[in-house]
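*Asks:* Before I ask anything, let me first share the structure, which is written out below as structure tokens.
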């Protein structure tokens, strides 16, 4: 599901306000269902839709005009600037607008629609025009969208108040060294007096020029503008001109418009009656009088269909073939345009649309011809809308050339003959809405957007094919239309596509989708060719060495092909030489490997284009499946140069012995031979024992040949003679022939006699089969010899056994039997039999050979259709026995109820069925039987029915329902009498047939057709056979139902959750249903009509077999409604309906049975119990204990069931949506009844207890009097405490509500002080070490510098040897003296040393991690402990690796929310008192750092003198009167130097704080001086309250004096007078500040005096009773933790959401994260670890806990800041929450849990779901190839290769080589690869070289 990200904050360049900016949302998650992944940018507000888009052709910046905003984006759609343009208070009726003069109209907050967005390249500015204030424009600086000018004080500045986008277009024309001109066309919405529809305006280079946007020429007689005449608007009230596109070409400016036609003298007041025409308007660039105005209609046609409604257009150059078709050059301009069909409904155009092309040269030629004809006096000016009448052309002898710009006659000029374009492509379904084109490799490539959010890619070749669509891409999953503006990136590799709410960057090609050369080169994409040795489809420039022969194939004939000889071998042939011929291959001299599928790979011998390979050995030959005689696999050639398989062909292994019959053997596709006498198939003919027994062709196989059908009557003894071919003569020792028959599963073997090689006979035998329901049984049989050698039966000959009597009980059925059976009717025995079995001599045996044979005694058994109308036409079906043997026998002898009924030949079934059609009955005929004769009407051939046929008169009474939707599909029921009579019925609604559904005697049901005449009533007519039933009924067609809203817009995968559908006319649907389609499968569920506007539905399941993952949110491919026949709602696009995963439950207990005590709640644990959907809808759970429901309470992970009062064992069932789940059973055990001894004991004990209670009561009464006074005293204390608790809670609540707004507005988001890369890396790698050797050049004492450097370069070679480096690290880790600190140090040194070779470092790191995982699992450690602690070099290297590769991500994305969180914590802490000694604060997230008593304080504003310029305004600084002087200094420094990095600021300890009282009197304030209060052994630090500093006092920070001085003796000042600052005391004798005495040495060490600030140390017992009282029940103050947490919540959320998102401001997820997570998944797969918790934990330990937690706790690693102790404590709480969010363990909390855990208890489940989704999203991203990763690592290495000194790092690493040299050399000598590379020797060389120098 698409999830919208919050918009981060940034400064906006608009001078009027600062706004919140959007984060770019980059889609890298997989679309559901095949959705491509593109960079996207979304609107920050759903209602602020995008309007225009343009791309700067120099910088590649993307500018987007939207409602209320103009955005500047980078090429990859990362936002840079958002410029606010609205909303503002306005009213369209205010003219001039209220920004010029006050307006009396009612003002409302009005959106500003961007209508024009043009780049003025020569002046580096952007022209943006909106709809506010009558359509004023702004000129914005391109770099930062700073407003250069916003002209608005003249009427020329108001372009149009139309607030609809797509109605205005502008073209900037600029001549060298001159001011520019802006040609602008706009719709005016009837305000023709205020706004011209077309004008040219001045565009001075100076933005402040008073002539800005003035008309180029404006006088009383002639102007550079055209207005719509009021007469035209009087004639056509909705007349307006919509400007769709504009451009400059040659010396002209062109506009493409759509406008209504204006018929002469006919007024049109309805917009629906308008006919629109699309026109080309041309003006000369240098024609301020507009004399050159020419307007011609244009469009195109195909197959007689006219396309006249312009939708979009684009000017481009033609490709070679298109230029040739137009007879122009490739440098000429061609206009590509999209039109919709017809000329009506411009604002709702038809889907039928066309892409057409117009050469500008052809347009100019037609305009020239129009001008010439008019100047010859032919016809009229034909511009009715502007001239109002027919104006005759004036003849003038004026030469008109290609550059003619008009005179003051014959202008403005129109025309009626359209400019016809070449139709390239049409579609009738998905209307095309936008177009863009460019030329690639000589081809015109056209990109067309559609109304359903798809992008068509079309190659425009010109005739005869026109345009060929070669690809279609789904850009917008929500199916919203693509808007007109599309633009290419400057490198033309991407196309920017825009919908109302999304800008998308789509690659112009996606060649990589084609995986074979054939697919690639037959795709039709001109960008794509086949990169042969890399086996990929790509552009030519992405294919390495594409210029070399056959490296890059551009046509399908150039594809590399492979032929192998032989193409197949037997499975028994091993290691055979195969000859492979490679056609069209590049140079293969680098080497080839032959791969046989995944079985084996061998070296190939290359000779030119021939390769010799050896087939697999016996161990590698594939096993052939039992039912096959061959197995094919891919024989692939792998290039050793690229490592890629670049060509393959099928190679087959065959097995002849799989064939059991001769024909299948010799007809096999392989070289198989049949051994006739051994009855086996073999690939080796030499294995046949007899030469003459070897068969190679099918003609030589022993086989049965076709003969006449073998018919055997059951019980008859008969031989079976068969024809054959090549029957073998059994050899000595071999048995003879047999016939084997399989009769109903029983095998019958009959001896057979071979007459010769072509004849065999099964001996005499009789055969039987069971049952009289089978008249003819086909029996499989085979001829075998020698026991089981089968003779082939290629024609599948069968023996047919039959019984004459079976299913032939009557004469008719008997004689109807096929004559081949020779069956006949034995009259005497009344049975069907063979002639020889009819033994009765007196009765004849009838068969077809008998003369004039007829069956007597016909019978009618049933009549179907027993009633009908007297008008006739009813078809009556008669079933019976002996109903004739030929149609002629019954053709004229059927009557029904006395009325002739005509039999129908086509319906006649011999002897069994007659169907006849009734004639017209005479008046008065009512009923009667059916009578018929067979041939002749003699008694023995006549019969009549027992059933009666009745004549009835059908009638209709009513109709239900009486209305239905226009699209039809309504089930209409017509009630009446005798409606079930007759054989057919027809119902008509108007002139259309109502589709028959069913009927009975009282009603007819049919389905209404779509209306052919629109809405309204239609008559209902009914016909029954030939009877027309009178009816006055009417059926009304009404508007189809419409759906407006679905609530909620979600369900779970199993569906069946309730949905409420709101819309119109919903009650006309009889059986509404709701449907979804997902992965090609459809699911439907039922709805119920509530009323005309409301339905209730049950959500369909996603699919019956869908099993979503725990974190999967799916969007169906289609969502809609089955509403009768309403097709428009089958797919409903106005919804974002999504499916959440099904809830899952754990078992109640491992055994499945949970023991419960009565009344105890049952807790069901699970996941996904509460889908995180917005709105109030929740899942409705029903829990049954047995059959009894229980009350349910639901949370995210558990379901609490209050059980009914039951005992015994009961099954628990959970119902939710369409799910039913049983987590087990509960066994409720009641307490057992008490025994008699127990009851006696309890009674005795109770008596004793009662006596004791009486005694205690007497004592208590006496004592209670004494306690009354104490109780009253305690009550007073409790009342006092209660009021203080209430006050504290009230304050905490008020803070919680107000502080978030205050904090958000206070924070300054400018200038984040990022550390440079080197400092950042050092703080992460070597924390606490500021000046590390790796930052300096290597320094060697003495003269050995060169030798040491030489030795270290040798060491560098060793370090770059993977075998050495791995052995080195493993050896160090085995040493006991190699401490944890050493491990971290070595890991950091290695990473700094390999900074320039990160590919190699990554390879080593992966190997170390793989070893670590192996070791972890071998030691039987729990897999979740992996990477938990830094106990190995690999773990620290992993941290450093992420530190290197995530630096860019930190700066561009994650750094901002982290810095904002730090600032928020710091600022929030400083808003309340902070104890300077203990670090405790009023506002804190940490319980340990919370002041737990009431501190009275006031906020003061101090005015600080600007230290840089004392004459500039003073800087106000917020402080607290309880702050110490040092705290005040730090706050002042923060305010004065707020945008200065901490390291560049002065330190508070180096500055003095002066309090200035007047111009001369200055007092230096200090934490400790002679005025400091000392009480007993406690000394309190001085605060502003102590000095009685008042609000708005003036202070200054001055550098600290080098030496203090004492107060002069002459000024005998008492201590009290200083502390009170009497007004009488002013020291004016010196310009220096008066300094209090220098602070004393901390007295704790000298005299036992303890210093305090706000609270004394809690452990001291000398506090006053009042102090202790103020701290009693300190937990009260924990509510402040909650207040602080609420204040900071948004900043924590922002940080977590950024870190747990795969989409970040347009930048992809850092490759390092995806690459490392995939590596961990691979390792889990390798070790068969399928536990998702383990995988989750590995990833959490790897990145969040290893890197992010470190950064969160230590923001000073990333930023140049100071982190105080209270800030550190709060960050630690956030970091702990972050760690808890990544954990998979259950979050169990109780009243004794730490407060920081309780603080975020409710948030952590949500954060956990973010983490799970984050990991799942990463897993779905496409894998990063090693090639892409290495390229990325190489780039990172290049960027930072010189940050650290390599030799210094190596020198530091060498110290470990030196320390453990013996162990290292020993390990190298034991390693085989190290021995082969003589690494131990090289180490000894290194040690010797370094030792010499030392």
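Here the Cβ of each residue, glycine as well, is placed from N, Cα and C on the backbone.
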*Asks:* If you check Swiss-Prot, which of 598, 1133 turns up marked as N-linked glycosylation site?
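*Replies:* Per Swiss-Prot, the residue annotated as N-linked glycosylation site is 598.
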*Asks:* Of 163, 1205, which one does Swiss-Prot label N-linked glycosylation site?
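*Replies:* Swiss-Prot annotates N-linked glycosylation site at 1205; the rest carry no such entry.
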*Asks:* In terms of Cα spacing, which of the disulfide-bonded residues 356, 374, 405, 511, 594, 613 are within 10 angstroms of residue 531 (disulfide bond)?
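*Replies:* Near residue 531 (disulfide bond), where near means Cα within 10 Å, there are no disulfide-bonded residues at all.
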*Asks:* Which one is it, among the recorded positions 76, 91, 393, 511, that lies nearest to residue 284 (disulfide bond) by Cα separation?
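*Replies:* When the Cα distances are compared, 393 comes out closest.
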*Asks:* What mean pLDDT score does the domain 'IPT/TIG 3' (1041-1139) have in the model?
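*Replies:* Here the mean pLDDT over the domain 'IPT/TIG 3' (1041-1139) amounts to 86.
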*Asks:* Given a separation of at least six residues and a C-beta threshold under 8 Å, show me what packs close to residue 528 (disulfide bond) in the same chain.
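*Replies:* The list for residue 528 (disulfide bond) reads 509, 511, 514, 520, 521, 537, 538, 539, given in order along the sequence.
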*Asks:* Can you tell me which of the recorded positions 94, 300, 374, 1205 is spatially closest to residue 696 (N-linked glycosylation site)? Compare CA atoms only.
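*Replies:* The smallest Cα gap between residue 696 (N-linked glycosylation site) and any of the recorded positions is with 300.
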*Asks:* I need the most crowded of these glycosylation sites: 327, 598, 696, 756, 1205. Count other C-beta atoms within 10 angstroms of each C-beta and give me the top one.
*Replies:* 696
*Asks:* With a 10 Å radius around each C-beta, find which of these disulfide-bonded residues (300, 405) has the fewest other C-beta atoms nearby.
*Replies:* 405
*Asks:* In the domain 'IPT/TIG 2' (954-1037), how many residues does DSSP assign to helix, to strand and to coil?
*Replies:* 0 helix, 50 strand, 34 coil
*Asks:* Report, as a single number, how many Cβ atoms besides its own are within 10 Å of the Cβ of residue 537 (disulfide bond).
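*Replies:* Result for residue 537 (disulfide bond): 27 other Cβ atoms within 10 Å.
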*Asks:* Reduced to three states, what secondary structure does DSSP give residue 598 (N-linked glycosylation site)?
*Replies:* coil
*Asks:* How far is it from residue 756 (N-linked glycosylation site) to residue 613 (disulfide bond), counting Cα to Cα, in Å?
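*Replies:* Per the Cα atoms, residue 756 (N-linked glycosylation site) and residue 613 (disulfide bond) stand 51 Å apart.
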*Asks:* If you count Cβ atoms within 10 Å of each one, which of the disulfide-bonded residues 103, 517, 531, 543, 594 comes out on top?
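*Replies:* Per the Cβ count, the most surrounded site is 531.
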*Asks:* For residue 300 (disulfide bond), name the DSSP secondary structure in the helix/strand/coil scheme.
*Replies:* strand
*Asks:* Please spell out the DSSP helix, strand and coil residue counts for the domain 'IPT/TIG 3' (1041-1139).
*Replies:* 6 helix, 46 strand, 47 coil
*Asks:* Work through the recorded positions one by one (91, 137, 300, 559, 594) and name whichever has its CA nearest to the CA of residue 103 (disulfide bond).
*Replies:* 91
*Asks:* Check the DSSP secondary structure of residue 356 (disulfide bond), expressed as helix, strand or coil.
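*Replies:* Reduced to three states, the DSSP call for residue 356 (disulfide bond) is strand.
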*Asks:* Between the Cα atoms of residue 129 (disulfide bond) and residue 559 (disulfide bond), find the distance and write it as a whole number of Å.
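*Replies:* Here the two Cα atoms are 54 Å apart.
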